[in-house]
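Engineer: Annotated domain 'Toprim' per Swiss-Prot: 428-542, in sequence order, evidence recorded as sequence analysis. Here Swiss-Prot flags Glu434, Asp507 as Mg(2+) 1 binding site. Annotation comment: Swiss-Prot describes Lys459, Asn462 as site 'Interaction with DNA', evidence class sequence analysis. According to Swiss-Prot, the feature Mg(2+) 2 binding site maps to Asp507, Asp509, an assignment based on sequence analysis.
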Amino acid sequence: MVNTLSDVNNTDNYGAGQIQVLEGLEAVRKRPGMYIGSTSERGLHHLVWEIVDNSIDEALAGYASHIEVVIEKDNWIKVTDNGRGIPVDIQEKMGRPAVEVILTVLHAGGKFGGGGYKVSGGLHGVGSSVVNALSQDLEVYVHRNGTIYHQAYKQGVPQFDLKEIGDTDKTGTAIRFKADKEIFTETTVYNYETLQKRIRELAFLNKGIQITLKDEREEEVREDSYHYEGGIKSYVDLLNENKEPLHDEPIYIHQSKDDIEVEIALQYNSGYATNLLTYANNIHTYEGGTHEDGFKRALTRVLNSYGTQSKIIKEDKDRLSGEDTREGLTAVVSIKHGDPQFEGQTKTKLGNSEVRQVVDRLFSEHFERFLYENPSVGRIIVEKGIMASRARVAAKKAREVTRRKSALDVSSLPGKLADCSSKNPEESEIFLVEGDSAGGSTKSGRDSRTQAILPLRGKILNVEKARLDRILNNNEIRQMITAFGTGIGGEFDISKARYHKIVIMTDADVDGAHIRTLLLTFFYRFMRPLIEAGYVYIAQPPLYKLTQGKQKYYVFNDRELDKLKQELNPSPKWSIARYKGLGEMNADQLWETTMNPEHRSMLQVRLEDAIDADQTFEMLMGDVVENRRQFIEDNAVYANLDF
């Protein structure tokens, strides 16, 4: 702990007077989901982020440079920073030490008065007190004023008054807590990779801060430390690592206006997909918002203006749409705001209207100057946009074919689609089934009220290597777009989704895995909001059927099969049938094993790490063979090959 703490420095009048109290903490244990989203694995990890966010705030204020997160034995978490240390003097309104108020009163903290912190990262803004309320045990150690202060809590209740336990020449705060099993009934075990990915993201978004993660649960301690002086510029470098950049360095801007801090990094590559990540106060704004709007608006306007004045765009027909200017773009937009307003289904859309104009103005001034100072790069970017524009015009006719006016519009549906009778998207499912024969079985075995079937013939186009015009000329892709009802590209609208479960159902062999990967690549590159909303699933058809007398067992993998063999009596003799494809199962078997909501097992496709997802699709489906070969060699030991 001591290593992460800072030598005594100026605490800048950060004291109890800056800690404001808004309301009590009684409801937190009764309704934890209101405060941390859920009590699932995701909610468990959210506890860590609430504490880490406070340390990030201290770093953004200029008082901390190192944050350490440790998963201790028995899944205790310890978060230490080398900031000023939480104030320990008496908070006037409550008559208790400020650190105790922060840890026991909801919405008490330096972020609410405006005088303590300029920016607060926490999505819910509830912080330490909620973590305390939802922890079986929590301990705080404050190094401040040359003294170490300590207090312990159980389920949010102080066990003794704040006490002095020693002298120190450091400053900082360490909080240890253990999540309460009464609240987190699903699991209290932390996933190292989940913590690692978010910590790496936070290090990119807060340049210069070092964040270390340690796992002490096993004998061999695992440790990763992240520190990026380049910040989001380094982020873009990593995202484009497996791509072919069109210019050497990412274009970078970091400026403030009207107390809004704007940081943008972008670089074009030779590909066709757009990878635009936006953040507000370190929160990934999956649904976009005003900062994204301002960036897109400025990008389109500046490129058209520059292209026209430089005589690269010579005709009106070559004017660029927003979609054209973003082809092959990798960009990260990050803003910091003293009072962010979040909206949208998942509270991940920035709503502050003033941000749009600030981002637009700061970015357009910088970007325009860059283009005129680097005309060769400007020409490459504009010419790429013109090519995209011509491809878009070529795709227009094909796009019209995919339009479905509404969920009730059946006249435009693909002929092969066996639609469901329900018009309620929340209960409707569509199964994308490999092959016509399997499609026939699934049509016979489904619940026709809520389950639609769309058979796919053969492998769809690899969209990683294709422009939108070519993609829209692919029959299987066109049928999917029409069936889903959302549109594609710039016209994509998730509110028009006809089904809230889109289920990929392929054979359990290598071809099936390839088709599954092609479909996931398409969803990730052109319909990513479907994944982000949790609408995309992978069916789990059985690989084996084991029969013993009149008893049948369906088994989904080799490990389950081995376990079942050991558990069953050798008599009566049993037989094993291996399903090579969905077409080998009759309608009743498909319903019983794979489609019946009462018994089926499905995997929900989730996007937790934009960097890993982007690099994985680029590696598996892109042009660089060497990277793919290396991946196969590294992972061959885990593969279940089917010859």
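Glycine residues also receive a Cβ, built from the backbone N, Cα and C atoms like all the rest.
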Engineer: Can you give me the average pLDDT across the domain 'Toprim' (428-542), rounded to a whole number?
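Structural biologist: That stretch averages a pLDDT of 86.
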Engineer: When a 10 Å sphere is centred on the Cβ of Asp509 (Mg(2+) 2 binding site), how many other Cβ atoms does it contain?
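Structural biologist: The answer is 17.
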Engineer: Near Lys459 (site 'Interaction with DNA'), which residues of its own chain have a C-beta under 8 A away, given they sit six or more steps off in sequence?
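Structural biologist: Set apart from Lys459 (site 'Interaction with DNA') by at least 6 residues yet with Cβ under 8 Å, we have Asp511, His514, Ile515, Leu518.
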Engineer: Hey, how far is Asp509 (Mg(2+) 2 binding site) from Asn462 (site 'Interaction with DNA'), Cα to Cα, in Å?
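Structural biologist: About 19 Å separates the two Cα atoms.
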Engineer: Give me the count of other Cβ atoms within 10 A of the Cβ belonging to Asp507 (Mg(2+) 1 binding site).
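Structural biologist: Its Cβ shell of radius 10 Å holds 23 other Cβ atoms.
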Engineer: With DSSP as the reference, give the number of residues of the domain 'Toprim' (428-542) in helix, strand and coil.
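Structural biologist: Result for the domain 'Toprim' (428-542), in helix, strand, coil order: 56 helix, 21 strand, 38 coil.
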Engineer: Starting from the Cβ of Glu434 (Mg(2+) 1 binding site), draw a 10 Å sphere and report how many other Cβ atoms land inside it.
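Structural biologist: Excluding its own Cβ, Glu434 (Mg(2+) 1 binding site) sees 25 Cβ atoms within 10 Å.
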Engineer: Return the count of C-beta atoms lying within 10 angstroms of the C-beta of Asn462 (site 'Interaction with DNA'), excluding that atom itself.
Structural biologist: 17
Engineer: Could you tell me the C-alpha distance between Asp507 (Mg(2+) 1 binding site) and Asn462 (site 'Interaction with DNA') in angstrom, no decimals?
Structural biologist: 19
